[in-house]
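Novice: Mind having a look at this structure? Questions to follow.
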């Protein structure tokens, strides 16, 4: 086992161990905090596919996060009120179905957004993805049917077969299982032919085209897959807070996802996990001391960008390995 | 006479007032090495870029294997069998030499939209890629990241990638650039053997290599081909001597 795998294992144990101990000690708050880590890590893991492997700095991934959240909120609301969505299709509180719809919606929206945005590069790509996210943000604000600016409450957390999701620990375990499955998928994709092409597209798009693989198609597929994962995280996040509102679509949230990845280690399997841990800990510990905790987050980010480009994982496990 | 593999007719490309390619016509025939020479700024690389698809021509046609490829992008042209090397090495820097070649093998074999099978243990990619590295004499450096290879090794790697595509034509843009005399000689011998695999359009400044290799030579000056012929014809052409070869010839 190399050093990075050891660090990853340690992080995974920490992520499982802390909430188990907290639950044992009758401290459900910390379980909820850990769930927040897991869900943010999942959202960032999605972005990590586009940003870390593909070098696509999407500043609009919050759009898919928010869409996933609204899918969960809207389906749950319709089920709760026993009103059909449209054409007699009922809502649902069945989590696996909600996830499926969230993933599908995120993917379907990401496809055209990616197809347009990926014709640009660099700062234009950042701006155009941001613009799309802002469009969806204002759309959500101005749609009174689903709460507009006030958002939408999920009165009872949606259901997962065989699990009492209303309790913090079972819901944490559901989210953790989803995260671990996603990280496994990330690892597989990274080492696959598609992953090779995607990483080559980041390093040198011209080289990729010169061997006959169109970089645009590879990037579009990665962007869409990445959005689907972030959309799934959105659905889990809405259920965690039992609320979805326009704040889940705000551009600050997009920035936070990028910050998570940079804190943890761009392109690394457990980078989003490490990043989410640091972020939530700072938010909780420093946030308890001062309202201005993000000032300190900024300082830490500055130090990492200047002195530890590989993020926390780079610091702990050294240079990234490449076959 | 056999049909040309690559047929260029009246190609034109301007950058504002500068006519970089000014009515170029050229045929690359099977089994031949066709050298393109000319002074700096004559538009040799611009021409290669238009053939490979990095740049789009303003007018004129490029036919490859009888098909007009003017509307295709670089990836589509490469898939048809047009393999190029770059004047300045263009590699996936973080990947090892082997993975750079594996990428070409993967492209040749078909779909890159495979998400699960791991390339690290995929013999159908590794073995052909390794064979190409052996051919260019880079096998011992297979696991070194491209960024850490020497300049000459990167040139060899570019050739190995082109070979791995088993192309219908090679476009080599100054493959000897920056190589020492010994390296150039070795590469010249190597390229000599390639003409039977696929014809080659070769841009090169190393005149020894050009005169040793070329079946035909075209001289490009200010975007125009001023002469085309065999090595002997070009050597004795008074206009070429004046425009390009100068005192050296």
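Cβ from N, Cα, C; glycine included.
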Novice: Name the residue range among A:148-168, A:169-189 that TrEMBL annotates as transmembrane segment.
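Specialist: Spelled out, TrEMBL records transmembrane segment over residues A:169-189, not the other listed ranges.
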Novice: Between A:220-238, A:239-257, I'd like to know which one TrEMBL lists as transmembrane segment.
Specialist: A:220-238
Novice: Need a quick answer: max count of Cβ pairs under 8 Å to the transmembrane segment (A:38-57), which of A:64-82, A:123-146, A:220-238, A:270-289 is it?
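Specialist: Most Cβ pairs under 8 Å with the transmembrane segment (A:38-57) come from A:220-238.
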Novice: Are the transmembrane segment (A:295-316) and the transmembrane segment (A:270-289) close enough that 3 or more Cβ pairs fall under 8 Å, when only pairs 6 or more apart in sequence count?
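Specialist: Per Cβ check, the transmembrane segment (A:270-289) touches the transmembrane segment (A:295-316).
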Novice: Report, as numbers and ranges, which residues of the same chain sit near the transmembrane segment (A:64-82): CB under 8 Å and 6 or more residues beyond its ends.
Specialist: 43, 46, 90-93, 97-98, 101-103, 105-106, 109-110, 136-137, 140, 146, 151-156, 158, 227-228, 230-239, 243-244, 246, 248-249, 253, 257
Novice: Would you kindly check A:94-116, A:123-146, A:169-189 and say which stretch has the most C-beta pairs under 8 angstroms to the transmembrane segment (A:220-238)?
Specialist: A:94-116
